[in-house]
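Note sheet for the following structure.
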Amino acid sequence: SLMQFKTLIMKIAGRSGIWYYGSYGCYCGGGGQGRPQDASDRCCFVHDCCYGKVTGCNPKMDVYTYTEENGAIVCGGDDPCKKQICECDKDAAICFRDNIDTYDNKYWFFPAKNCQEESEPC
């Protein structure tokens, strides 16, 4: 679920998902179009693509199971669809963490009119 995604971003990247990524670049937040503006925006693009491949459940609403083992998030549970959602969220949170150094405030509330380039395929 999106609430769990927010929690994983805090656990893994150490920052607020809503504050930092709720409206960033062309892909972080609702919707997405054009080309990702930087590495953090690309994390959101890849996350959107990941959600797009999930079938049989609702990535934004369905609650999944995970545990923390030696500081790492381990996705679990019996439902392969929900496990896939968890993996999408975990990978995006790791991507955010790994790209904190290049995060740029100029992409906060980035105008959609600047996201008109042709999108690349997932």
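Cβ atoms are placed via backbone N, Cα and C, with glycine included.
Residues or ranges marked as active site by Swiss-Prot on the basis of similarity to another entry: His47, Asp89. Swiss-Prot lists Tyr27, Gly29, Gly31, Asp48 with the feature Ca(2+) binding site, giving similarity to another entry as the kind of evidence. According to Swiss-Prot, the feature disulfide bond maps to Cys26-Cys115, Cys28-Cys44, Cys43-Cys95, Cys49-Cys122, Cys50-Cys88, Cys57-Cys81, Cys75-Cys86, an assignment based on similarity to another entry.
Recorded features from Swiss-Prot, shown on the structure.
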residue	record	DSSP class
Cys26	disulfide bond	coil
Gly31	Ca(2+) binding site	coil
His47	active site	helix
Cys75	disulfide bond	strand
Cys86	disulfide bond	helix
Cys115	disulfide bond	coil
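Asp48 (Ca(2+) binding site) sits 9 Å from Cys88 (disulfide bond), counting Cα to Cα.
Cβ neighbours of Cys49 (disulfide bond) (same chain, under 8 Å, six or more residues apart in sequence): Cys122.
Within the same chain, residues at least 6 positions away in sequence whose Cβ sits under 8 Å from that of Cys81 (disulfide bond) are Val54, Thr55, Gly56, Cys57, Asp62. The recorded positions close to Cys115 (disulfide bond), defined as a CA atom within 10 A of its CA, are Tyr27 out of Tyr27, Gly29, Gly31, His47, Asp89. In the shown protein chains, 15 other C-beta atoms lie within 10 A of the C-beta of Cys57 (disulfide bond). Each residue contributes its Cα atom, and for Cys44 (disulfide bond) and Tyr27 (Ca(2+) binding site) these two points are 5 Å apart.
Candidate recorded positions: His47, Cys50, Cys86, Asp89, Cys95. Nearest to Gly29 (Ca(2+) binding site) by Cα distance: His47. If you take the Cα of Cys43 (disulfide bond) and the Cα of Tyr27 (Ca(2+) binding site), they are about 9 angstrom apart, rounded to a whole number. There are 22 other CB atoms within 10 A of the CB of Cys44 (disulfide bond), with all protein chains counted.
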